[in-house]
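> TrEMBL lists 296-306 with the feature compositional bias 'Basic and acidic residues'. The domain 'ENPP1-3/EXOG-like endonuclease/phosphodiesterase' annotation in TrEMBL covers 63-280. Sequence annotations record features per position, and here TrEMBL assigns region 'Disordered' to 296-320. Residues annotated as signal peptide in TrEMBL: 1-22. Taken from TrEMBL, the feature transmembrane segment applies to 370-389, 410-431, 443-462.
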Amino acid sequence: MRAAFPACLLALLAWAASTGEGRVVGDDQPGFAECDAFFYGQAPPVGFPAEQVAKVCQKYRGEPRFATLYSTREKVPLFAAFRYTPGEAAGQEEQEEEQEARWLVEPQIDDPGNKQEEMMPEAEIAEALEHLGRNQALMADYVDSGYERGNLNPSYLHKDDHHVATHTLTNAVPLSPPFQELWHWEVEQLVTHSLAPNCENGKDLHLLSGAIPSSLKVKDKMAVPKSVWLAACCDNGAETWSVGFIKEANAESRLEDLTLEALEKKLPAGAELFKDHCGQDRQDPKKLEAVLRSAKDVQAKKPDKPRVKKPTQSKHTQTAKEESGFLKNLCHFIVTPIWKLVKFVCYLICQLVKGVWCLLRWIVQKILCAVWTFIKGISLALLDIFICLGRVGVSILNGIAKNIYNVLMVTYRILSVPVNLILDIVSFPFYTLGAIPGVLKDIASGIGGLFILVINATTSLVKGLNHVVSFLASKILPTTVF
């Protein structure tokens with residue numbers, strides 16, 4: 001009994017530390033909020049359905065771990081975006097078995113108005129959420145179905161908290177047990193022996209894993225994938241490479257490697273997995289060739305010892321196992337209320353601290369506002385004084401200018417009469433000299449007229465004498481002569 005309590009305490013601490021968080025990002029928010037960092041260039045894939053889907057930012061212990069686009073119509077994720085976290089934590093096999101017993105669900109998928117932004121074990125949220133399972137798969141959907149939960153973001157690619165965070169039903173698609181183990185093994189081998197080694201051990205590697213739903217449904221609810229795929233993009237800042245893999249969802253199918261463009265053509269029309277096709281203009285063919293060569297080696301291998309997960313059991317089998325662990329359950333029921341009480345007390349303390357902080361912040365804000373109002377009032381008063389002084393100065397200068405103007409106008413009036421007389425006297429010679437040409441012209445015109453008059457008079461006199469002589473001659477001389 002004494003040895004059981006430390007074990008119970010360790011189990012309690014592990015349970016308390018395994019609380020995951022998953023936030024459903026609203027349609028009014030672009031991208032996947034704080035989980036955009038898992039996408040190349042912080043740009044999620046485009047071309048996937050926009051209706052009846054939920055954008056889930058998968059978080060654990062307050063930190064984003066990966067992102068999922070979940071189809072509420074097919075009840076399966078369409079893709080998951082994640083980074084490679086190399087290394088294997090100690091005791092990961094035991095952690096995997098323990099985590100298998102408590103997969104998490106996302107309350108906000110079934111109830112968007114739910115304030116619970118944490119993923120919860122299904123048993124803990126079932127009574128509080130009326131429509132649980134309306135838009136997402138549950139553990140009961142896998143029981144005796146012949147299918148197992150296949151993670152799009154495989155847990156064996158990660159360690160520690162990243163490993164635990166993958167055990168959520170919003171990251172799982174129904175796969176047959178042999179295919180599930182083979183696919184996870186192939187993805188693990190590809191990433192660890194082909195993709196990551198050619199990309200700074202995964203430092204600059206962005207991964208997308210997805211499933212293409214078929215018309216086949218599990219229990220008339222979850223869509224069974226007709227194929228699963230993996231896409232990788234590596235960008236070290238200078239050069240890039242990208243590659244895709246796809247596999248039909250049956251144990252006999254072979255893993256096919258293909259270009260990113262070829263993979264996108266097998267997805268919904270218009271799909272673009274990575275921004276700018278993973279820097280297509282900076283692709284390094286030699287690096288891609290090395291990746292494909294190492295991928296061929298992985299494709300030629302076969303798993304030596306596949307990890308065999310225990311099938312999802314019926315409720316009767318689970319009940320039998322729970323009865324055998326009576327001491328563990330008893331410890332759980334005793335410690336859980338205490339833990340919840342501790343959490344409640346911590347919550348009250350946090351709220352109290354938050355309230356005190358808000359009060360202090362409000363007081364400081366009011367004091368600062370009062371000081372600002374006082375300084376503002378004094379500044380405005382001083383400004384008004386300077387403005388009034390300026391106006392008085394301008395008025396004085398305006399009066400002086402008017403007086404000077406009046407004096408100048410009077411002086412001008414006084415001096416205007418003699419000035420005009422002087423101007424007339426001075427201008428007289430100029431006017432006289434200016435008239436001489438006109439007078440000379442008139443004299444010349446008069447002389448010319450007189451000369452013409454004399455000529456005309458002489459001509460007239462000659463004509464008159466001519467007429468007189470002619471008349472006298474006609475009278476004196478005989479007519480016959482003429």
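Here the Cβ of each residue, glycine as well, is placed from N, Cα and C on the backbone.
Context for these features, please: burial, neighbours, distances.
A mean pLDDT of 88 is what the model gives for the domain 'ENPP1-3/EXOG-like endonuclease/phosphodiesterase' (63-280).
Tertiary neighbourhood of the transmembrane segment (410-431): none, as no same-chain residue meets a CB-CB distance under 8 Å with a gap of 6+ residues from either end.
Sequence-distant neighbours of the transmembrane segment (443-462) (same chain, 6+ residues past either end, Cβ-Cβ under 8 Å): none.
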